[in-house]
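Pulled from Swiss-Prot, these are the features on record:
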MOD_RES   1  N-acetylmethionine
DOMAIN    52-162  domain 'sHSP'
BINDING   100, 102  Zn(2+) binding site
DISULFID  131-142  disulfide bond
REGION    146-177  region 'Disordered'
COMPBIAS  162-177  compositional bias 'Basic and acidic residues'
CARBOHYD  162  O-linked glycosylation site
């Protein structure tokens, strides 16, 4: 009986064959060495690890944070302008939609579209929801929390997306009068 033996020094990532990379959003961008040869870097050094931070920023993955005093959603939408984004409240969910028409780029014609839906906690100050887009393409939705027991009655409405002028700032949270 033949047994397949994998030596510890030959541990390679499955690279583009691994299902988690199936929906990466790298359309129309340049290639890196590990995109062409995913096994090469880990074959030479089993201790080499690719940057998780780069993969997080470029993958379109969102981050949802529920802190003591506020609720935040961060989403990488670097391929979209504020005019191509739609953020709206529907029931107790926030829907984020981005779409731009087909356009010519260096590598060919590209069109992009996405839909994301997030459940909103019931203890948010609905009138103070703010949404902004940074220069780096990070969409930030921020909302302060109310006192425990104060539940929101969500009304369907659009949320305007503002463009941040400064790098690394978060949208202002308006105080309820």
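Cβ atoms here come from the backbone N, Cα and C positions, even for glycine.
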Local confidence of the domain 'sHSP' (52-162) - pLDDT mean: 83
Proximal residue to residue 131 (disulfide bond) among recorded positions 100, 102, 162 (C-alpha distance): 162
Residue 142 (disulfide bond) to the residue listed as 'O-linked glycosylation site' - Cα separation in whole Å: 12
The domain 'sHSP' (52-162): DSSP-derived helix, strand, coil residue counts: 13 helix, 61 strand, 37 coil
Distance [Cα-Cα, Å, rounded] between residue 162 (O-linked glycosylation site) and residue 100 (Zn(2+) binding site): 18
Protein Cβ atoms within 10 Å of residue 100 (Zn(2+) binding site), excluding its own: 15
Close in space, distant in sequence - residue 102 (Zn(2+) binding site), Cβ under 8 Å, 6 or more apart: 109, 110, 111
Cβ neighbour count within 10 Å of residue 162 (O-linked glycosylation site): 13
